[in-house]
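Engineer: Submitted below is the structure of interest, expressed as structure tokens.
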């Protein structure tokens, strides 16, 4: 592969890992600090992210995504200028590929569950006589919505990283330097 293309792939990988780290941190922070208290007659009722299990999972998944992305970005930057790294080690490439795939699936699952819970919170579910909650806790829902939006953007970055790590892995199984194809 040409040096210019390889450099662009490396820059894209580092950039996406940094973006995912930032989005994961922001999503986890927005949702984890989300709380609103309302007074109904004489009782105070507080809505917190811990009331919705999908939001708890979203916070955990985004915190893990941010930490993993930070570690992988550090690895990428450490090997950025050298010829050592994924190109020379299939074992490392398989580990990164597996980690990126797992991260993408976990982040996607957590974001999908949080989106589903937010739709029920916004619209209610008349068949089960569940009322809409966002009419009562508007600030809570808006902040949670911002966190979920950051999480969805993070999922897109995680999926793009999964493609890049797949590319980095499977190019190691390409043609040999002498021009012959690799045998299976």
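Every residue gets a Cβ built from N, Cα and C, even glycine.
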Engineer: Looking at 121-145, 146-170, I want to know which stretch TrEMBL calls transmembrane segment.
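Structural biologist: The range carrying the transmembrane segment annotation in TrEMBL is 146-170.
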Engineer: For the transmembrane segment (91-115), what are the same-chain contacts with Cβ under 8 Å, counting residues 6+ beyond its ends?
Structural biologist: 24, 31, 52, 54-55, 57-58, 60-62, 64-65, 68-69, 72, 85, 148, 151-152, 154-155, 158-159, 161-162, 164-166, 168-169, 172
